[in-house]
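> Before anything else, here's the structure in question.
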Amino acid sequence: MDDNRKKALTAALSQIERQFGKGAVMRMGEQPREIIPSVSTGSLGLDIALGIGGLPYGRIVEIYGPESSGKTTLTLQVIAEAQRQGKTCAFVDAEHALDPIYAEKLGVNIDQLLVSQPDTGEQALEIADMLVRSGAVDVIIIDSVAALTPKAEIEGEMGDSHVGLQARLMSQALRKLTGSVKQANCLMIFINQIRMKIGVMFGSPETTTGGNALKFYASVRLDIRRVGSVKEGEEVVGNETRVKVVKNKVSPPFKQADFQIMYGRGIYRTGEIIDLGVKEGFVDKSGAWYSYKGDKIGQGKANSSRYLEEHPEIAVEIETAIREKLMPKTPVKEKEAPVAPVEAE
């Protein structure tokens, strides 16, 4: 860069610093390279598919899928994992359908969980905005976008046409929220439902509610589906679930994870550790018997999983080995490097 352009840049940077404060503009290379903080989803396979070990703090996430596919269960597992990290969590229940007994079974500390059941979409998003701006809440769930009914629609009569009201509401709210979420390092998860587009000849007719704004503002989008049933004899005891990472701004996208959600228990984590352990060679399988480091841990997956539940230190050991093998190496956090503003020369 020649001297005249360098002087012009220096003058501009000095003016920006005076007007907007120190650190308003920085050279990217002078910032410390930090590992993106994340919270586990409760599923080992999904944590690996997401690339950073879970859902990222300081970002907006969308989880969508058909009815009874496990959307709320997955978010409650995220809350349980975040609470184990000592985080504060809030649940904005626009559907008025949160079951505290089920949440407690999944490991959620309901005494520490903040819950709101707002009357209108505007109220729900305003409450979420105030919680984010407080800087004291780490995880906020909004269940669901489809239930964020605009005030005009609630006060109107049945059958009244309110074209695009919800989409405009979401677009305006996300413009306000996205910066606050980053500054507060808060994870905001929107649960969404699926609708069908009429007259689609080619491609998928499915779309999500609330317009296109959330598709753009979300750093991670997860498509969750029930692909089968888990049976014990003739009794159905859970769902076979598949989650596709359809958008990911923090790691390579388009990966998927398969796991089981057991009724009344949530994600079948030990079963997942057994399956991935066998696949990656950490757990040996001979016929129906499973063994780890030469010691038999059980006959059949159910007995082996029960053994891991009774010996959590072995489950943690296998899980750590799987994560170290499958998770990409992340850059080491440079603690000494300060966030330096561009200085005038």
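Placed from the backbone N, Cα and C atoms, the Cβ positions cover glycine too.
Since we're looking at a predicted model, the values are computed, not measured.
Not my notes, these are from Swiss-Prot:
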{"type": "BINDING", "residues": "Gly65, Pro66, Glu67, Ser68, Ser69, Gly70, Lys71, Thr72", "note": "ATP binding site"}
> Which residues, same chain and not among Gly65, Pro66, Glu67, Ser68, Ser69, Gly70, Lys71, Thr72, have a CB within 8 angstroms of the centroid of the CB atoms at the recorded ATP site?
Ile224, Arg226
> DSSP on Lys71 (ATP binding site), three-state: which is it?
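Note: Lys71 (ATP binding site) is helical by DSSP.
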> Within its own chain, what residues at least 6 apart in sequence put their Cβ under 8 Å from the Cβ of Pro66 (ATP binding site), listed in sequence order?
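Within the chain, Pro66 (ATP binding site) has Cβ neighbours under 8 Å at Ile194, Arg225, Arg226.
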> Are there any residues in the same chain, six or more apart in sequence, whose C-beta is under 8 angstroms from the C-beta of Gly65 (ATP binding site), and if so which?
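Result: Lys71, Ile194, Asp223, Ile224, Arg225.
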> Far apart in sequence but close in space: which same-chain residues, 6 or more away, have a Cβ under 8 Å from Gly70 (ATP binding site)?
Ile224, Arg226, Asn239, Thr241, Ile261
